[in-house]
Amino acid sequence: MFELSTIYAAFERYFGKPPTRIARAPGRVNLIGEHTDYNDGFVFPMALDRATYVAARPRDDRIVRVFSVKFRDEDQFDLDHIVRDTQRQWVNYIRGVAKGLLARDLPLRGADLLIDSDVPSGSGLSSSAALEVAVGYTFQLLNQINLLGEELALLAQGAEHSFVGVKCGIMDQLIAALGEAGHALLIDCRDLSYRPIPIPTGVRVVVCDSGVRHRLAGSEYNQRRAGCEEAVRILRPALGKIQALRDVRSTDLAEYGHLLPPELLPLVRHVVSENERTLAAADALAAGDVVKMGQLMVESHQSLRDDYCVSIAELDTLVDLALAAPGCYGSRMTGGGFGGSTVSLVEAEKVDEFVAAMIAGYAIRTGRTLQPLVCTAGAGVSCVYASEEE
């Protein structure tokens with residue numbers, strides 16, 4: 001459990017004065033619906049009870065000073081001259097959010113920020129979006145700005161596009177802003193509408209970090225997004241006014257898939273089938289059919305492995321181990337891929353046996369130490385401390 005007193009004291013030690021606000025934004029795990037968000041599709045994430053925290057105090061000038069506890073590093077920039085840092089990626093998330101707020105002609109003053117987090121970095125649990133949303137919300141608190149959750153999510157996404165260089169979809173930022181405790185959200189990434197669906201009390205969501213770190217800013221992620229966009233251009237003359245792969249159905253692909261070059265067909269097949277699986281999974285979980293939900297998770301992993309080619313050996317091993325472990329309904333890789341984590345749906349009464357089996361099995365198969373996280377669906381971004389001092 002993250003202690004607010006720890007970040008409060010750290011801020012006071014570092015900056016010499018106490019913070020006036022502390023905000024938090026959660027990491028997330030996506031139950032199903034992978035690489036669909038930037039195709040205007042459907043996703044089914046839940047916010048975690050692990051989060052990024054920002055302690056803050058306003059300044060009387062235009063300078064923003066930042067200290068990251070996790071990176072043991074600091075940054076300073078002027079709100080009137082915000083540029084990308086070519087050496088340190090973590091600072092660009094913060095600079096990009098500030099730049100985005102200013103681009104909307106919103107009033108900002110300088111601030112001292114101290115950041116800490118218990119969301120593992122690089123594990124596919126969206127630590128980056130948690131940072132962006134937490135920082136954006138902190139600037140709102142300090143400057144009396146009122147943005148809707150959807151607006152905050154779009155602002156954070158824009159920061160990642162322009163300042164970090166990852167053309168991510170909207171899912172990670174949206175669930176960080178709008179998550180509901182005890183629920184997963186079925187999100188339509190085209191119009192940003194969503195439907196909360198309760199997590200059944202008899203199951204647990206378990207995340208297993210492969211220990212392999214990924215770099216989404218690398219070429220693989222952006223190449224796949226570009227491939228999906230190219231496929232839309234190729235299919236549009238045959239299918240009419242389609243805007244994204246979200247508008248393509250399995251029947252369309254069966255009829256017109258021959259128009260696609262061999263390297264694009266598997267990408268499209270994954271996105272189209274994953275959208276259909278995600279809608280079916282949300283209905284299954286809403287009905288309490290965890291067996292069906294688990295089957296769809298397994299199919300999702302197979303598609304990500306074989307068609308989208310974003311899984312790796314360690315993720316495949318974790319899924320294989322999970323499906324053989326006690327109480328597991330289904331398992332899949334989660335996040336962008338090339339490393340990161342798996343997510344498993346597990347019978348609550350057998351979760352301890354499941355965790356023990358995963359730890360032992362992964363050590364035997366890979367020599368790595370596994371630390372499974374039994375997760376609770378948490379709430380979205382919020383202010384967790386406010387002093388009377390302004």
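Glycine is treated like the rest: Cβ placed from N, Cα and C.
Per Swiss-Prot, the features are:
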type	residues	note
ACT_SITE	Asp172	active site, proton acceptor
BINDING	Glu34, His35, Thr36, Asp37, Tyr221	substrate binding site
BINDING	Ser68, Gly122, Ser123, Gly124, Leu125, Ser126, Ser127, Ser128	ATP binding site
BINDING	Ser128, Glu160	Mg(2+) binding site
SITE	Arg28	site 'Transition state stabilizer'
Counting other Cβ atoms within 10 Å, pick out the least crowded of the recorded positions Glu34, Asp37, Asp172.
Asp37
With an 8 Å cut-off on Cβ distance to the Glu34, His35, Thr36, Asp37, Tyr221 Cβ center, who else from the chain surrounds the substrate site?
Gly33, Tyr38, Asn39, Gly41, Val43, Gly169, Met171, Val271, Glu274, Gly336
Does DSSP put Ser68 (ATP binding site) in a helix, in a strand, or in coil?
strand
Which ones, of the binding-site residues His35, Thr36, Glu160, Tyr221, have a Cα no more than 10 Å from the Cα of Ser126 (ATP binding site)?
none
Neighbour count (Cβ, 10 Å) for Tyr221 (substrate binding site):
21
Recorded positions Arg28, His35, Thr36, Asp37, Glu160 vs Ser68 (ATP binding site), shortest C-alpha separation belongs to Glu160
Among all chains shown, work out which of the recorded positions Arg28, His35 has the most CB atoms within 10 A of its CB.
Arg28
Leu125 (ATP binding site): which of the binding-site residues Glu34, Thr36, Asp37, Tyr221 is the nearest Cα neighbour?
Glu34
Using a 10 Å cut-off, grab the number of neighbouring Cβ atoms around the Cβ of Ser123 (ATP binding site), all chains included.
24
Check: min Cα-Cα distance from Ser127 (ATP binding site) over recorded positions His35, Thr36, Asp172, Tyr221 goes to Asp172
One of the recorded positions Arg28, Ser123, Glu160, Asp172 has its Cα closest to the Cα of His35 (substrate binding site), namely Asp172
Could you find out if DSSP has Asp172 (active site, proton acceptor) as helix, strand or coil?
helix
When a 10 Å sphere is centred on the Cβ of Glu160 (Mg(2+) binding site), how many other Cβ atoms does it contain?
25
Do you know offhand how many angstrom separate Ser128 (ATP binding site) and Thr36 (substrate binding site) by C-alpha?
19
Far apart in sequence but close in space: which same-chain residues, 6 or more away, have a Cβ under 8 Å from Thr36 (substrate binding site)?
Phe42, Val43, Gly169, Cys189, Arg246, Val271, Glu274, Asn275, Thr278
